[in-house]
Amino acid sequence: MSMANFTGGRNSCTFHEEFKQVLLPLVYSVVFLLGLPLNAVVIGQIWLARKALTRTTIYMLNLAMADLLYVCSLPLLIYNYTQKDYWPFGDFTCKFVRFQFYTNLHGSILFLTCISVQRYMGICHPLASWHKKKGKKLTWLVCAAVWFIVIAQCLPTFVFASTGTQRNRTVCYDLSPPDRSTSYFPYGITLTITGFLLPFAAILACYCSMARILCQKDELIGLAVHKKKDKAVRMIIIVVIVFSISFFPFHLTKTIYLIVRSSASLPCPTLQAFAIAYKCTRPFASMNSVLDPILFYFTQRKFRESTRYLLDKMSSKWRQDHCISYGS
């Protein structure tokens, strides 16, 4: 039986969390098995076409790198949850794995924001030249700034996340130990605002402006904008799916959970209900590591064409070998 002790304020509760032994290893295994090859292929594909990098593919490259680094840490979490929260890998590894999760989460959000702004400029301001003059150099500087901001945002994870002891077993706390829930609360809320709400507001503003242009009759928009219309629509749909599955449910349940676990008056069943809701959405926040490569595939025509060419070549090779084997 999997249980977690919670002690904060005047509350001392024992949570029953058997669901984590099934849900979290299952979702993390799917993310690992799909995310590792998909992001490796994206990075390899961009590397092969590095002489023809665009601003969007530079953002996609950084997005794939963040996803790949994160999925490499998932085997530790899969082992942890299959062993009923037992963490044998030490305190620093616990802190680093939690740091990996949040840097990937908020890095993905910011890089998707950059891609959305880039697409917004192409659709709503196709004749503007200020963002084109700097070209790739400006894009690389933006990526460096994103990494700096994300690392600075998530560094306090090394202070709050830590190992502890429950029922004579070492565990790795996700947010903070229960007795530090009150001190973690301001940081957790600030991270949600700066790492999710503000970028999400920027994306919504870009998409509303883009929708106004894309919904116009074709004869009212320029040829250059018309060519980008389908690509922009695909990107909007996929980014909305990523936010709907990965980001919004997680941040909503996390914020509510931070509020209730900092309270000194709520009964244990209420605390457990919100804890379960939060911990059920947490593994799905990792799904962006699978969805991001799909975004790359559906918004990059050259990548789709090269992928089809590779698959056709592999299929032809298989049919040829199969016919030879059958004939002999």
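Even glycines carry a Cβ here, placed using N, Cα and C.
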Kindly tell me whether the record in Swiss-Prot places GLY135 on the same side of the membrane as GLN300.
yes
Choose one of CYS13, CYS172, CYS206, CYS208: the cysteine that Swiss-Prot connects to CYS94 by a disulfide bond.
CYS172
Neighbourhood of CYS94 (disulfide bond) by C-beta distance under 8 A, where only residues 6 or more apart in the same chain count:
TRP87, ALA161, SER162, THR163, CYS172, TYR173
State, in range form, which of 23-43, 140-160, 190-210, 276-298 has the highest count of Cβ pairs under 8 Å to the transmembrane segment (58-78).
23-43
Look over the recorded stretches 97-117, 140-160, 190-210, 232-252 and say which has the most C-beta pairs under 8 A to the transmembrane segment (276-298).
232-252
In this predicted model, what is the average pLDDT of the topological domain 'Extracellular' (79-96)?
93
